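Annotation source Swiss-Prot lists active site, N6-AMP-lysine intermediate at Lys127, citing sequence analysis. The NAD(+) binding site annotation in Swiss-Prot covers Asp44, His45, Val46, Tyr47, Asp48, Ser93, Met94, Glu125, Arg148, Glu182, Lys298, Lys322 and rests on sequence analysis. Summarising the annotation, Swiss-Prot assigns Zn(2+) binding site to Cys416, Cys419, Cys434, Cys439 and lists sequence analysis as the type of evidence. For 600-680, the entry in Swiss-Prot reads domain 'BRCT', with the evidence type sequence analysis.
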Amino acid sequence: MSEKQTPVKELTLQEAQDEIKPLRAKLTKWGKEYYEQDNPTVEDHVYDRAYQRLVQLEEQFPQLVSADSPTQRVGGATESQLTKVRHEIPMLSMGDVFSIEELMDFNQRQQENRDVEVEPEYNLELKIDGLSLSLVYENGKLVQGSTRGNGTIGEDVTANVRTIKSVPAELPEPLSIEVRGECYMPKAAFAKLNAKREAEGLPVFANPRNAAAGSLRQLDPKVTAQRELDTFMYYVPEYQKIGVKTQAEALDRMRELGFNVNPNNRVVHNRDEIEKYIEEYTAQRDKLTYGIDGIVEKVNDLDTEVALGNTVKVPRWEIAYKFPPEEQATIVRDIVWTVGRTGNVTPTAVMDPVQLAGTTVSRASLHNPDYLREKDIRIGDTVYLHKAGDIIPEISKVDLTKRPADSVEYEIPTKCPVCGSELVHLDGEVALRCINPMCPAQIKEGLAHFASRNAMNIDGLGPRIIEQLWDKELIHDVAGLYRLNHDQLLTLDKFGEKSTANLLTSIDNSRNNSVERLLFGLGIRHVGAKAARIIMEHFGDLDSLMKADADEISAISGIGPTIGESIVTYFANQQVVKLIDELREVGVNFAYLGSRSNANPDSEWNGRRVVLTGKLTEMTRGEAKSWLENHGAKVTESVSKKTDIVIAGADAGSKLTKAQNLGIDVWNEQQFSQAMKEEQ
């Protein structure tokens with residue numbers, strides 16, 4: 001967002017219309033990254049500033065408001081594999097203010113409300129940096145946990161919630177209530193998790209909020225249980241059921257019922273008390289064991305809360321005061337460039353270490369050459385750092401008054417820092433790119449991508465191992481992974497018999513993956529995991545795809561010309577053709593093993609929801625899943641009321657118990673094997 005924007009009141013209708021369209025697109029993209037992908041690319045205050053601009057534009061030009069505007073929506077879509085849950089009472093997001101003056105204006109508007117008499121008594125609470133959580137109890141027993149989702153439809157995370165120690169499975173009273181709050185990851189647990197992932201060669205989480213969201217939304221509750229999540233509950237929508245009249249009383253009552261409630265709430269009555277609370281926790285935020293990104297102010301009287309009601313998106317009875325980003329000055333000592341998997345060459349500022357929001361910071365991404373030129377960052381400059389989302393260091397501005405007299409504009413490199421090839425700007429891109437397919441940096445990043453969970457899922461093969469394999473010249477491309485042997489792996493640092501056997505098994509198992517994993521793992525530009533599945537479901541095998549032209553690929557629903565042209569260009573490269581031949585030689589599967597749209601419509605499995613649990617003896621779980629999907633079944637990870645059949649092998653656990661409690665049809669392996677024979 002530019003700081004030189006024309007004031008909204010000075011814009012014509014056409015000018016406002018021209019600004020609103022790209023602004024909505026930008027906010028929609030950022031919102032999708034934050035809510036659906038748990039992977040924000042901009043810091044909160046950048047999003048907030050853009051969002052406030054859109055609010056102002058729509059207030060000034062109400063004829064431009066549309067139902068699909070980000071101002072009219074709550075949260076994000078719910079596109080994961082988790083079961084969907086409808087919220088009986090919508091879970092709305094909060095409005096934001098960014099200064100004491102804006103907060104006082106909000107309170108003044110409340111008290112001037114012509115229809116509702118608002119007493120100036122507020123309950124202040126810390127705004128926990130996590131994700132919203134709903135817990136539903138029937139007769140005192142936990143029956144459902146869900147995320148906010150889009151405010152109306154959330155995701156069922158009941159099994160995962162049961163692994164969180166601070167969530168009571170049963171209340172001391174037989175109440176039927178919904179309790180809402182925040183699921184978060186403590187700072188210590190976040191640091192521990194990222195250290196573990198880094199040691200295993202896995203990508204680290206950008207911040208505790210993303211880590212909490214990713215952990216709570218796991219398909220496997222065992223993963224959630226290992227992540228040390230915690231909760232603070234703060235709201236009972238139907239407060240009459242717990243016999244309270246104020247928000248402060250509601251918090252106390254939740255504590256009595258066994259919920260974890262943040263102890264730092266305070267009832268206030270005037271500006272001085274509000275300012276004191278904000279100043280107190282602005283100073284203390286770095287010392288807390290959990291992340292906060294602001295203060296929440298709520299009308300304390302709950303009947304008044306109901307009378308004030310909500311807008312289409314936010315409550316009128318509460319508001320979030322967002323902390324301004326903390327800044328520190330430091331000096332840029334160098335600018336280094338790194339090469340990514342797709343050839344993107346990214347600059348990073350190396351600076352004198354400074355303490356920022358509780359951690360030592362000495363590096364910050366400069367994103368791309370345009371960003372570097374726009375901010376005119378130079379070696380020797382004094383710059384101001386803040387943390388995007390309180391986590392990611394970013395340069396906010398250059399102090400030109402301290403720029404050295406002999407300073408010269410930074411010269412953007414023209415050659416790849418790793419392989420020395422000429423760097424290029426591709427049409428429509430801001431990034432510099434190395435287009436040498438044999439660039440070592442790209443190959444190593446590509447190997448890590450190939451082995452990643454959503455690609456070939458080679459457990460234990462992270463960047464640290466890949467670096468060693470490369471340095472010892474044991475691999476040069478992904479096909480080389482399948483030629484590794486026992487003796488070669490034993491030469492790696494910290495590799496013994498067990499780790500060697502485990503990695504070889506993992507590599508060998510990956511040969512049998514369905515081909516969409518291979519297509520995604522090849523790292524073709526613009527081809528994500530979802531697109532790879534759609535494409536391979538259509539073509540059935542890799543050879544058919546390689547023979548297709550761009551028009552045929554582009555015509556597939558949900559694909560389009562950008563992906564089609566990218567795939568054809570990729571497979572036209574003779575080095576790629578050679579690599580595919582090598583993968584074929586080492587036995588990597590080229591066929592689509594999932595359910596295709598041409599599955600037999602008369603199959604008794606067609607359209608059925610099936611859960612596999614326990615150990616199978618006559619086949620692997622993967623083989624059973626592939627057979628079911630080939631016959632039209634939908635194989636899911638969790639048991640719900642929508643599940644049709646649970647196939648239970650030996651040592652089946654909680655899924656079997658849940659299926660029996662829900663009255664779902666349970667088959668043993670012998671019944672399933674017989675059904676497979678009859679289907680033939």
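A Cβ is built for glycine as well, from the same backbone N, Cα and C atoms used for every other residue.
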Do you know the DSSP helix, strand and coil residue counts for the domain 'BRCT' (600-680)?
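The domain 'BRCT' (600-680) comes out at 30 helix, 18 strand, 33 coil.
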Looking at the binding-site residues Val46, Asp48, Met94, Arg148, which has the shortest Cα distance to Cys439 (Zn(2+) binding site)?
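Checked the binding-site residues Val46, Asp48, Met94, Arg148; minimum Cα distance to Cys439 (Zn(2+) binding site) goes to Val46.
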Which has the fewest other CB atoms in a 10 Å radius around its CB: Val46, Cys416, Cys419, Cys434, Cys439, the listed binding-site residues?
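If we count Cβ atoms within 10 Å for the binding-site residues Val46, Cys416, Cys419, Cys434, Cys439, the smallest count is at Cys419.
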Other than Cys416, Cys419, Cys434, Cys439 themselves, what residues in this chain have Cβ atoms within 8 Å of the centroid of the Zn(2+) site's Cβ atoms?
Val339, Gly343, Val345, Pro417, Val418, Gly420, Ser421, Leu423, Asn436, Pro440, Ala441, Gln442
Can you figure out which of Met94, Lys127, Lys298 (the recorded positions) comes closest in space to Cys419 (Zn(2+) binding site), comparing Cα atoms?
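In terms of Cα distance, Cys419 (Zn(2+) binding site) lies closest to Lys127.
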State the Cα to Cα distance, in Å, between Lys298 (NAD(+) binding site) and Cys434 (Zn(2+) binding site), rounded to an integer.
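Pair distance, Cα basis, whole Å: 53 Å.
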Counting across all protein chains shown, how many other Cβ atoms sit within 10 Å of the Cβ of Lys127 (active site, N6-AMP-lysine intermediate)?
21
Looking at the recorded positions Lys127, Cys416, Cys434, which has the shortest Cα distance to Met94 (NAD(+) binding site)?
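The answer is Lys127.
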State the three-class DSSP label for Asp48 (NAD(+) binding site), counting H, G and I as helix, E and B as strand, and everything else as coil.
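Looking at the DSSP assignment, Asp48 (NAD(+) binding site) belongs to a helix.
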Taking the Cβ of Arg148 (NAD(+) binding site) as the centre, how many other Cβ atoms fall within a 10 Å radius?
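Step by step: centre on the Cβ of Arg148 (NAD(+) binding site), count other Cβ atoms within 10 Å, giving 24.
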Taking the Cβ of Asp48 (NAD(+) binding site) as the reference point, list residues of the same chain whose Cβ is under 8 angstroms away and which are at least six residues distant in sequence.
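Result: Asp96, Phe98, Lys322.
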Between 0 and 100, where does the mean pLDDT of the domain 'BRCT' (600-680) sit?
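Here the predicted model's pLDDT, averaged over the domain 'BRCT' (600-680), is 81.
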If I take the alpha carbons of Lys127 (active site, N6-AMP-lysine intermediate) and Val46 (NAD(+) binding site), what is the distance between them in whole Å?
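Given the Cα positions, Lys127 (active site, N6-AMP-lysine intermediate) is 18 Å from Val46 (NAD(+) binding site).
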Could you measure between Cys434 (Zn(2+) binding site) and Val46 (NAD(+) binding site) for me? Cα positions, answer in whole angstrom.
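Computed Cα spacing between Cys434 (Zn(2+) binding site) and Val46 (NAD(+) binding site) is 30 Å.
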What is the interatomic distance between the Cα atoms of Cys416 (Zn(2+) binding site) and Val46 (NAD(+) binding site), given in whole Å?
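Computed Cα spacing between Cys416 (Zn(2+) binding site) and Val46 (NAD(+) binding site) is 31 Å.
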When neighbour density is defined as the number of other C-beta atoms within 10 angstroms of a residue's C-beta, which of the binding-site residues Met94, Lys298 has the lowest density?
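Each of the binding-site residues Met94, Lys298 was scored; lowest Cβ tally within 10 Å is Met94.
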